[in-house]
Every structure is written in C-alpha cells, then in structure tokens.
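Peer 1: Residues or ranges marked as transmembrane segment in TrEMBL: 154-174, 194-214, 221-241, 247-270, 282-304, 310-329, 374-395, 415-436, 448-467, 502-529, 536-555. Annotation source TrEMBL lists domain 'Major facilitator superfamily (MFS) profile' at 156-560.
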Amino acid sequence: MAMSGLVSNRNFGHFIGSGILCRGEQAILLHRGERLSVAVVHGNMVKPISVSPNGRQLILLSLHHSDKSHRDYPQQRSKGSFACCSFSSSSPGGWLEAGDKDKIVENRSSAFYKSEEYDITEAKLDSLPSPDENNEAILVERDIPWWHSFPKRWVIVLLCFAAFLLCNMDRVNMSIAILPMSKEFNWNSATVGLIQSSFFWGYLLTQILGGIWADKIGGKLVLGFGVVWWSVATILTPITAKIGLPFLLIMRAFMGIGEGVAMPAMNNLLSKWIPVSERSRSLALVYSGMYLGSVTGLAFSPILIHKFGWPSVFYSFGSLGSIWFALWLRKAYSSPEEDPELSKEEKKLIMGGSISKEPVKVIPWRLILSKAPVWALIISHFCHNWGTFILLTWMPTYYNQVLKFNLTESGLLCVLPWLTMAAFANIGGWIADTLVSRGLSITAVRKIMQSIGFLGPAFFLTQLSYVRTPAMAVLCMACSQGSDAFSQSGLYSNHQDIGPRYAGVLLGLSNTAGVLAGVFGTAATGYILQRGSWDDVFKVSVALYIIGTLVWNLFSTGEKILD
C-alpha cells in the first residue's frame, strides 16, 4: 500500500540545506515497499521528486493537511488524509491535467504515518500545478507497462534475433524444396550442389562491404537493407526457377547479397549497444535466432509443400520480412547516442562498459592483416563453416538417401539438431559470461568455448560411420550441432574482443573465409557423393575441425589488439 506523510520539522534543515526546500514549503514522503520518493508542496504547487518505485509511478498532485501540527512531535503517530488514485494515460511519462478527472478512480482513506529522516542525494524537480482548489492530497499511482522498462539494448538484441530467424528460414527452405524441385526439373546431384552453392556467390560479395558500410554509416540502415533485399529475392525464387536454371542461380546469388550484410551489421550494432559483461549471451541469443530459423523453416516447409506446392514456401517466408522491417524502422537505432528514448541509467551502463563511439573513417587494413589473432579468426572460421554449412544444406538429403526417411520425416528430424544448437548456444553464452565475471581471462574463455565447438562436432561425426539405426544417427547429428553452438561464445564473440571499433569489418573478413568454405564445401559434397560416400564427406569435415582447433589455441587472444 502506498503511504504519504509530512516530513518532520527536524528534517527541514536538511532539505533546505540541500537546496530542495525553501522556507514555507513542505515535503511529502511517498513510500511503497522499500522505495521512498519525495514531493515538495508550496501552496497549490507540487514538485514531485524521483517518483518511479518498482515499475509503478506515484504522483502527488495536491495537498491537504489537518489543523494539527505534524512537525512538533515527529516521534508521535499522526493522522492525515490523502486520496489514492489510479489512472491510465496514453503518455507513458505524462502527468494528469485538470481536465483528466474522468481518468481518476478515487479511493479515499486515512492512514497513520511516522515521519523519519531520509537522505536525498539526487533529485530532479518538476513543477506541477494542482488541479484541485481545496488543497487535497491526491496520490496518483499508475501502472507502467513492462515493455517501457524493458532494457532498450535487449530490444535491439531481440530485433537482431528476429532478423536472423528470418535469415535462416529463407535460406534452409531451399534444402527442403530442392527435393521436389529436382524431380520436377530433372536435376542431378551435381546440379543440386551448384544451386545450393550459388547462394554463397552473392553472400561472399557483401561480407567485407557490409562490415565497412556498417562501421561507417551504422548497422541499422545496413541490416534493414539486407532483410528487404533477401526477402524480395526469396519471393522471386519460384518465378526464376520456372524460367530457367541460369536465372535461378542468379536469383539465389542475389539473395546471398542481402544475407551477406546481416552478420557484419549485427556485429557492429552489438559492439555499440552491449557491454562486455553481456557480450557472449547477447551474441548467443542472436545466433540462436539462426538455429531457430532453421527449425522453423525445416518444420514448416514440408507442410507447406505438401498442401500448397513447393513455391508456397518461398512466397510465405519471403513476405515475413515486411513485418520485421516495419518494427525495425520504429524501434532500432545504430547506437545508443541516437536513441531519444534511451534512459540515462541504461545509456551510462552501455557507454561505461562498451567501446568508444567515434565513427570509423579509415579502415587500417595493413594493421589488421598484420595481426596473428586476426588470421586465427579467419582460418578458424573457414574450418568451422565447412562442417556447419554442409550440415545446413545437405542434412535433409542425408536423411532421405541414407536413412530412407520421406520428405516430411526428413524435414521434421532436421529440427532436432537445430533445437539442440539453439539451446546450447545460450547455455554456452551464460557459461562464458559467468567465467569472465568470476575472473577467468577472456582469452582462456574464448579458447575453451571454441575448442568445444571444434572437437565436439569432430567426435560425433566420426561416430556416424558406426551407428546402425536412424535414431542413433539423428542423435549424433544433434550432439554434433549442439557442441558446435559453443562457437558462438568462442570465435563469433572474438571480433568484438580484439577490435571493437572494427567489429563489422573483422567479422566481414573472417566470414568471407567462412563463406568460401560454404561455397567449396557445399559444391564439393555433391561431387564427393557422385564418386564416394557420406563417410568421405564427414572425414573432410573432421580433418578441418582438428586443424581449426590447433590454429585457434596457438594464435587466438581475447585481448584488444586494435584501437
């Protein structure tokens, strides 16, 4: 219950001395739970001070007190009257006006209070005329919706999460749709591999460019452009497929152009919005959007194909980008400094625990490429993505051809590894941030997490050669992907560690190597399968995982090496 009371006379000296009260003014204590706020009353004028306890706003509008003196005996319990009101307002931070009586629901009562002395160290005064001529104390209590107090930096993280969800939904739908498409258009394994890899032609082009654009003009514009671009390309995919194979290859490359800017732009945004203490978990959440996008795409694509035909997957998934873009325009900003709604407290937290926000004008390419940890990132990203992209694009085919699952079963069983990946990415993020907060060096944390991300998939892929049941094969795939997700707290967090001002460019550089792994690995898998077996495919991935582990542990660092 909210309580109000007059401050005792012995406290006036403190308030006057602090500059809060003048002679002839009275102070009202507003108490709710363990939080106290103060309002100053002078005649018909009220000056509320710091009134926002526990997510509910208390506003003192006017004052009435009895003829008894409340100042002579501060230890005595005195009786005063006040009115508690609640109201709703379209303005989150606004005050009631005199004409807003219809919004006030009164609940008049009396209360006993005991005056005490409280130290007010910081206050913000705002004058407010009383709407009531009889000088009656009206204490207004207003609910503030939880989303108004939700940290704005995590709004940015959630919007990036949604963008990455759409990113992989639009990417993996081809891995399901390719099965009926190859039957309709008579494509062999080599052609399917060419189509799957054509996405990476465009994806490769915009990795470094996307990082440069994001670091120079801001991540909001770049990520927004990317989502709109790839959504349009997704919608146009069925049309180009029916026109001819060359047009389909070009459109898939166009789609890659849009998705290519997403990761550098996101990395730039989070380097500005997220303090170091929250880096791993925020990145893990965003990247888990990719995994859940794979889950959503692989789960719904077979259903849509079965009921409406394979083109429906591209039309429905592509149209979702327009909804995201509308929210992005309203809520997102490239940096905390540009957001007019950001609270001072959150801005102080972000600016105190994040990087310098000077805009990047020139990229020091020679300096960047002369650093061994940068090359450790590039090589490790290549080794990591070879195995990851093969699983992303070829897993449904593996289930269909090797495990003899039908189209629907292939899509649904592909969901399990990606769900595992989404869960373990966030678990890994919390573990990494906890280790850092407990004093373990960032370098040690990044090496531990990435070693799990390399050696875990290597081990479970080798077990696929020995399993005899489809259930065990799916379990091995799930464990492989789950351990792979620890990479989000390893190499994927390292760009912001070693060069936070150039986070977009660094991710563009390393992800270019990762995309090359996707291009070569996806296409090479098609040719390997024509001449060999799935065991050969997995052996190449395991060898690269081991190479990546060695390079990462020898040359990577978690310390800043680029200013």
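Here the Cβ of each residue, glycine as well, is placed from N, Cα and C on the backbone.
Tell me about the setting of these features in this model.
Peer 2: Long-range neighbours of the transmembrane segment (221-241) within the same chain, counting only residues 6 or more positions beyond its ends whose Cβ lies under 8 Å from a Cβ of the stretch, are 160, 163, 166-167, 170, 173-174, 181, 185, 206, 210, 213-214, 247-248, 250-252, 254-262, 264-266, 268-269, 310-311, 314-315, 317-322, 324-325, 328-329, 332, 334.
Listed as Cβ neighbours of the transmembrane segment (310-329) (distance under 8 Å, sequence separation of 6 or more from its ends, same chain) are residues 159, 162-163, 166, 169-170, 173, 176-177, 180-181, 184, 220, 223-224, 227-228, 230-235, 237-238, 297, 300-301, 304.
Outside the transmembrane segment (374-395) by six or more residues, the chain places 171-172, 174-175, 196, 200, 294, 368, 414, 417, 450, 453-454, 457, 461, 477, 480-481, 484, 487, 491, 494-495, 498-499, 506, 509-518, 520-522, 525, 537, 540-542, 544-545, 547-548, 551-552, 554-556, 561 with a CB less than 8 A from a CB of the stretch.
Long-range contacts of the transmembrane segment (415-436) within the same chain, counting only residues at least 6 positions beyond its ends with a Cβ under 8 Å from a Cβ of the stretch, are 276-285, 287-288, 291-292, 294-295, 298-299, 391, 395, 442, 444-446, 448-449, 452, 474, 477-486, 488-489, 493.
Packing against the transmembrane segment (448-467) from elsewhere in the chain are residues 280, 380, 383-384, 387, 428, 431-432, 435, 473, 476-477, 479-491, 534-535, 538, 541-542, 545-546, 548-549, 552-553, 556: each is 6 or more residues past its ends and has a CB under 8 Å from a CB in it.
Through the fold, the transmembrane segment (502-529) approaches residues 189-190, 192-194, 196-197, 200-201, 203-204, 207-215, 219, 260, 263-265, 267-268, 270-271, 360, 363-364, 368, 374, 377-387, 389-390, 393-394, 491, 495-496, 536-537, 540-541, 544, 562 of its own chain, all at least 6 residues removed from its boundaries and within a Cβ separation under 8 Å.
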Peer 1: So, taking each listed stretch (194-214, 247-270, 282-304) in turn and counting its Cβ pairs to the transmembrane segment (154-174) that are under 8 angstroms, which one gives the highest count?
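Peer 2: The listed stretch sharing the most Cβ pairs with the transmembrane segment (154-174) is 282-304.
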